[in-house]
DNA sequence: GTGTCTGCAAACTTTTTGCAAGTCC
DNA sequence: GGACTTGCAAAAAGTTTGCAGACAC
């Protein structure tokens, strides 16, 4: 895992930003929990385990930096919380989107990858002359667990 | 337009809620501006034109009611504002989703309708055993106007 | 050494809540 | 009349900002 951190450190430096313990600690939290869709408060709590003196304001400021550098993505799962997750696309190259399946009963969130929207994007491009560069898809429904529970009732 | 209001009044009554001037006024604001993606503050300002005594808290509470009754939808266009719009699907029948094209340069929002995600939903259903009931799609890119401006530079 | 960053506290913004008075049915 | 609503003000929740001291390089 040192590679990722080195990349991050380079990224900071090349943008005139400094490498600080707090920033590294927050990155580590995000890296340890990919696809966990953490809220700011959760990130704050996790970081405090290793870096108890950190302030909430620093977490907010660092999240902003990470977001600007496209290291993490902002996420809205309609549960009233703003969430963040590692930007996986930036590691795997462009075009590898991942989307979210949100269970309306238990609130769990599954992730899936799919590039099937390309045909849609082409059609949009032709019919509306809108150049699509990215997309976000959220699917709502009922997860395997919740479906089983309903069947057994 | 009296029909819609009658439907709404019925909907309120059948849920044990009361028909008040404030609720009707807010519904009218939403109906007059379909696809305008209003913020709470905007709704508040518009309603005050006709109903100057209304309080902001009432707007929040009414929006909650309208949202619970599926008359309006919450919307997040990643610009830092929570927005609402009339739920058109509830009028046209299920399955008629509409999605959003967000211009990364000027921030304008276009709407389009498409049911093309059905094949994707089927595949998700089979592979992950997740029953999809609804979806939301946001496409990011550059609108016609902004593309023209770039070309002419 | 200098410019950036941090922690703290205060300020701000957005949304929710308690309550007495008012409205709907 | 009784239950539901409203407006107001206060409170709560979430986020940003100013600043003095600390840190990175």
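From the backbone N, Cα and C atoms, a Cβ is placed for every residue, glycine too.
TrEMBL entries are annotated by machine, without manual review.
Quick caveat, the model's predicted, so the values are computed rather than measured.
Over all protein chains present, the Cβ of residue B:118 (Fe cation binding site) has 12 other Cβ atoms lying within 10 Å. Residues or ranges marked as Fe cation binding site by TrEMBL: B:97, B:118, B:135.
Annotated Zn(2+) binding site per TrEMBL: B:103, B:106, B:143, B:146, in sequence order. The DSSP secondary structure for residue B:103 (Zn(2+) binding site) is strand.
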Env. residues of Zn(2+) site, Cβ within 8 Å of mean position of B:103, B:106, B:143, B:146 Cβ: B:104, B:105, B:107, B:108, B:142, B:144, B:145, B:147
Binding-site residues (B:103, B:143, B:146), the one with most neighbouring Cβ atoms at 10 Å: B:143
For residue B:135 (Fe cation binding site), the one of B:103, B:106, B:143, B:146 that lies nearest, given that the binding-site residues are compared by Cα: B:103
Under 8 Å by Cβ from residue B:106 (Zn(2+) binding site), counting only residues of that chain that are 6 or more apart: B:143, B:145, B:146
Short-range binding-site residues relative to chain A, from B:106, B:118, B:135, B:143, B:146, with Cβ separation under 8 Å: B:135, B:143
